[in-house]
Structure formats: C-alpha cells, structure tokens
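K.L.:
Let me give you the structure first, and then I'll get to my questions.
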C-alpha cells in the first residue's frame, strides 16, 4: 500500500491486501456511521412507542439498521471518493485517501462498491416491501450528493436528505408504512441537524475549496455562519419537538431529547472556532452525542411504557 495512506490506526494491523478498501470505507472514523444510524434509531423507537410494540422487535430492528448503517456509510464513502478522486489530490486533508493516493484504482473501487451495495440490499430485503421500496428510493440522493458540491453552495441539504432517510425508513420498518405526521418533522429535524454539523465540518477545508472551486454552506454563509447555524439549530429542535408532540411522547422526550439536543447544539455554536480545523473536526465529531441525547429521551419514554 502506498505510503501516502496515513498509518497509525487499528486498520494497520489488518492484512495489507484489504487495508486500502477498509480505509476507503472510513471504518476507522465511525462518526459518519453514528450520524447515519441515529435517525434510524429515533424513527424505529418512536414508532415502537406509538404502536406499543415489544422490545424484542425494536431491538432486533435497531441492530439490523446498525449493520445497514455501517455498510451504507462505507458505500457512500466509496461513491464520494470516486466522484472526488481528482479533487481530493489537491486538498491537504484528503490527498491520502485510497483513490486519491492510488492505493485503489477506480475499477477496483467500482467492483468493491458492487459488493457493498449487494450487502446493503441483503439487509434492506429483511424489511417489508414498503420499506424496501422506500429504502431503495434514497440511493439517488447518495449517488448525486458528491456532484452537488460542483453545482450549488448548498450540498449539505442533499447530504441531509440522504443521511436522515432512516427517520422515514425506521417508521415504516416497524409499522408497515411510514407514519408521515411523525416521520416528516423528525426527518426535517435531522436535515436541519445535518446542515449544522456538516457546515462546521466544511469549515475545515474552506481555503482549499476556494482554490479548487468546490462549493459548500461554509463558503456560502462565511462570516454569518453563527447566525445561520443558530437558525438551523432552532429548526432542528423545533421540528424534533413537533415530531414528539405528534407521537404523544412523554416528559423524558422533552427533557432529554429536546432539551439535551438544544443544550448540546448551543455548546457547539458557542465554543467552535471556525478558523481552527482541529476544533471544527472535534465539534463535528461530538454530534454523535447530540444523536445519543435525542435517542435517550425517546428510549426513556419507551422503556417507561414497557414497564407500565
């Protein structure tokens, strides 16, 4: 494997022949998987709460979606790197990625992507037909997202639409069809959340992005980023509260999910340094705890219901 691929993670103990493919999936950086997984867990558990479903089916479905999140996050990274392999060579942070460095060829990456999508399909077909069709319909967002960085300063919107699809799919997986009055505001909440965390993420590369012509909300918002992200944080919390209201959630949801998310987002926006790439990464990665806080209130209400 070329020396351009950054060493120093647990992946370096894996066989040399598979290391480039594992790096391609970014499995050593699980934050992307968490961000994809949490909306799934929210949707599943809120649906179970509303329909008084047994914990066994809820837990097994969460586990299934967890496996799916690992697989499809990896597939999304492969798709993204195929699109961006020439751009990644020009960006300091991404020039060591397997396709940009030459550790994996485009042909090899396409073949690997076929395996990833096949594995994702195997997970998806464990669900009901409604959910299979709903899940498959999200693939167009996954494939087109990387192109949006070349077209619009709002690619984070498309990323949000793709990354939070699990809020819809989790509902339909448990109920046989999506409960739209709950699922749609939950989905909108997730999209607003993505606009917050991925704008912070995009500030890492803004200097390189200007040079190579890549667009992002970080560049669109510029010095007004704090104001925009405050608005999207408000949208995230408001839509989350609406989803809870439509689902007849209990007090734990409002205290832990809504209150916890609001507090964590406020902390991020108050302390982030948009000119410090390391701090932008740290704040971005901390969003796994935002997702966990939202889940804790939903799960708390559900467990309380089970014990009644």
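Keep in mind that glycine also has a Cβ here, set from the backbone N, Cα and C atoms.
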K.L.:
Transmembrane segment per TrEMBL: which of the ranges 76-95, 96-115, 216-235 is that?
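P.N.:
So the range that TrEMBL calls transmembrane segment is 96-115.
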K.L.:
Considering only Cβ pairs within less than 8 angstroms, which of the stretches 55-75, 127-145, 184-202 has the most against the transmembrane segment (157-178)?
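P.N.:
Per the Cβ count, the answer is 127-145.
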